[in-house]
Amino acid sequence: MPFTHQPVLLTEVLHLLDPQPGEFFVDATVGGGGHSRAILPRLLPGGHLLGLDRDAEAVAAARERLAAFGANVEIVQANFRDLAAILEARGIPGVDGLLFDLGVSSYQLDNPERGFSYQVDAPLDMRMGQDQELTAAEVVNNWPEEKLTRVIWQYGEERWAPRIAAFIVASRRQRPITTTGQLVAIIKEAIPAGARRSGHHPAKRTFQALRIAINGELDALRAALEQLDSILKPGGRVGVISFHSLEDRIVKEAFRSLSGRCTCPPGLPVCTCGRREVLVPVTRKPVIPTAAEIVANPRARSAKLRVARRVLKDKDGE
């Protein structure tokens, strides 16, 4: 199937990240190239965009979609947790703009073979990068009940995590769990009928939790945000689009930590307190989609965009 993914908050991304001619931008989750396709013309003449994605199919789609930009764009299959090393290997000292569009793409959800969706029966996979060894089937069939409980609770914020984990373990004793349909049926059986009738699909939180664990999503996000100090040029902008509270909390805390102001007396020539103001917030509160965008693209409903800017100069002059 063709790689399709409608970029969310596109107008807001362009306004807040404000790409300019000659700048260097990184789209750390290039997907099908939707955001990049809108950013690139604003970088010309003389600008460049580096796009990253873990998914080989996304990389192929982005290369095809952005081919017209020639040498002004490079698409690489990579995990954004390695961004600093990727830039260093290319001799790039810093970037003017950086965008993260977190989570799973529409293509990955809609392609049954990828095993992300609880809406269709498919092989239980959930790997964002097909070169990964760990699959959802491996997790649900082999991880201890205690570990499954912890993952479903922490990453899915699922109140029925202990029951779901217990039902998974009991079911796999009878036969291996190999499809999304099997797993959905087990989850539905584990959650009491009254709870199933309210709110979202009963499997939503468990599928989210497994996907996050399998792909190391939150660890990768933390690792990438820890590199902002060394990656962003003075005045450089970073934007992160998140889709659930766990991601947004990590982004909010990282931006807050990097916004720590120096507490030294004004007369000191060199900072001795160890606190440095690396980022200043561009958005005081997360930007959310308009009602019109949600109507046009319902999957944008839970999106939140936070943007920050690298300070022009540290107090110690670095």
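In case you wondered, yes, glycine gets a Cβ from its N, Cα and C as well.
What Swiss-Prot records for Gly33, Gly34, His35, Asp53, Phe80, Asp101, Gln108 is S-adenosyl-L-methionine binding site. In the three-state DSSP reading, Gln108 (S-adenosyl-L-methionine binding site) counts as helix. Counting only same-chain residues at least 6 apart in sequence, those with a Cβ under 8 Å from the Cβ of Gln108 (S-adenosyl-L-methionine binding site) are Asp55, Arg114, Phe116, Met128.
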* Output, ordered by sequence, the same-chain residues six or more apart from His35 (S-adenosyl-L-methionine binding site) with a CB under 8 Å from its CB, or 'none'. => Pro7, Leu10, Val13, Asp27, Leu99, Asp101
* **Cβ-Cβ neighbours of Asp53 (S-adenosyl-L-methionine binding site) (radius 10 Å)** => 27
* Structure fact -> Of all C-alpha pairs drawn from the S-adenosyl-L-methionine-binding set Gly33, Gly34, His35, Asp53, Phe80, Asp101, Gln108, the farthest apart lie at a distance in Å of 18
* Sparsest Cβ surroundings (other CB atoms within 10 Å) among the binding-site residues Gly33, Gly34 -> Gly34
* Structure fact -> Residues near Phe80 (S-adenosyl-L-methionine binding site) by Cβ (under 8 Å) yet at least 6 apart in sequence within the same chain, in sequence order, are Ala28, Thr29, Leu52, Phe100, Ala220, Ala224
